[in-house]
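Worksheet for the structure shown next.
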Amino acid sequence: MAGTTRSQTARDPKTRAPPARVPLRAPTKKRLSTIQDRAGTPARPIRPSVPNSLRTNTSPGTQPSAGLKRKDREFEHEVPGDTNIHVVVRCRGRNNREVKENSGVIVSTEGIKGSTLELSMGPNAMANKAYNFDKVFSPAADQAILFEEVVVPILNEMLAGYNCTIFAYGQTGTGKTYTMSGDMTDTLGLLSDAAGIIPRVLYALFKRLEETENSVKCSFIELYNEDLRDLLSPEDNSKLKIYEDGAKKGHNGTMVQGMGESYIHSASDGIRLLQEGSHRRQVAATKCNDLSSRSHTVFTITAYIKRSTDKGEEFVSSGKLNLVDLAGSENIQRSGAENKRAAEAGLINKSLLTLGRVINALVDKSPHIPYRESKLTRLLQDSLGGRTKTCIIATISTSRSNLEETISTLDYAFRAKNIRNKPQINSTMSKKTLFREFTSEIEKLKSELIATRLRNGVYLSASSYRRNDSGK
């Protein structure tokens, strides 16, 4: 395997050719007006089909193409029973520093994509070490191949009404952020060849939703030094809290208090929010990576789709996709982290160790799973052993200088293969039920607002104050 052929090198533009531009059709801007988040309660699925009465961008009298009908039929299924977490490995070719150090290539794979990889353990080892995973991608595998092979099937499940999670795990500098975000440039519907999973998901999602009435929202949070922060909030000190929702106990009961959610009407809207949030993310230079992520982030997309049953009864289905970029595990001595950076690395490693203990407890079927020992594992609770369909992308270096960290990552990922989740489709809501929910929620909010005004008063803009004053 050639170590640097078309290699994907994490966050180092000097090692990548300038990204080419690929034209993508701009998605249709549609929105299903303010639908409440119902992505929590399991229910028996209603077989969905796209109603003829929906607004589309096709001419009057035309029907959706056979391809779209086929794709809609693909959504009509539920995974029977438990399923294993899907685990894939992505190999990064040697970067400039590793080439200068003359650090040899120790990872071999079955071509660009396969299911096994082999580690060369050195001349003194009894044998090389081999691993089997759901998929293995060599450094020659580009962003498009990874997206088509790994992410598209998960996007299908999200559109079918499941909650799904994809998270990248690996040593610092192996390409996690490149894999998840990549080149986020979006110019007049042109997406870079180096665009990562999140931008590609946004474009593919709105492309798939063109002929439906829909509503899409997203959130973006960061876990830095065990503090949660909303990356979409302009306030730098907007810390969030995690709590258990008693109404959903046992079913994705972990909630984030104070987290903002933004409705988006196009892929460009979502990419703009991704860019803004990424600029606020904590990064720093280390010996291993010039732009090392010092925090874990979760970018969540929730889609609501209006459908109808075979009898013409309209309802709304919902699906959610969590896209998680974990901070890199690192050897503090090798990375050169000192003072503040060393403290950051210590907390990063602590949260990842807790994640490892959760994985071990799940695999061993332990009666106690230590989710509550870290905010990271609380956030990922439903993705690990819960009702979510989960995929782990483990990123590794092919260089001998990183052998110890590569073995650690592969052992970690190999262990996670044995985790069993119980995916359940989200409940669907009829229009009548939605209206009742909205009416009840509006009355509740009105009473809370009146109580707050009587107790403390409320802030009003000048125009609102004048309107209220003139009505007296």
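Cβ coordinates are placed from backbone N, Cα and C, and glycine is handled just like the others.
Note: TrEMBL annotation is automatic and uncurated.
Database features, via TrEMBL:
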| type | residues | note |
| --- | --- | --- |
| REGION | 1-71 | region 'Disordered' |
| COMPBIAS | 50-65 | compositional bias 'Polar residues' |
| DOMAIN | 84-419 | domain 'Kinesin motor' |
| BINDING | Gly170, Gln171, Thr172, Gly173, Thr174, Gly175, Lys176, Thr177 | ATP binding site |
Thr174 (ATP binding site) CB neighbourhood, other CB atoms within 10 A: 32
Assigned conformation of Gln171 (ATP binding site) - DSSP reduced to three states: strand
Reported mean pLDDT - the domain 'Kinesin motor' (84-419): 88
C-beta crowding around Gly170 (ATP binding site), within 10 angstroms: 29
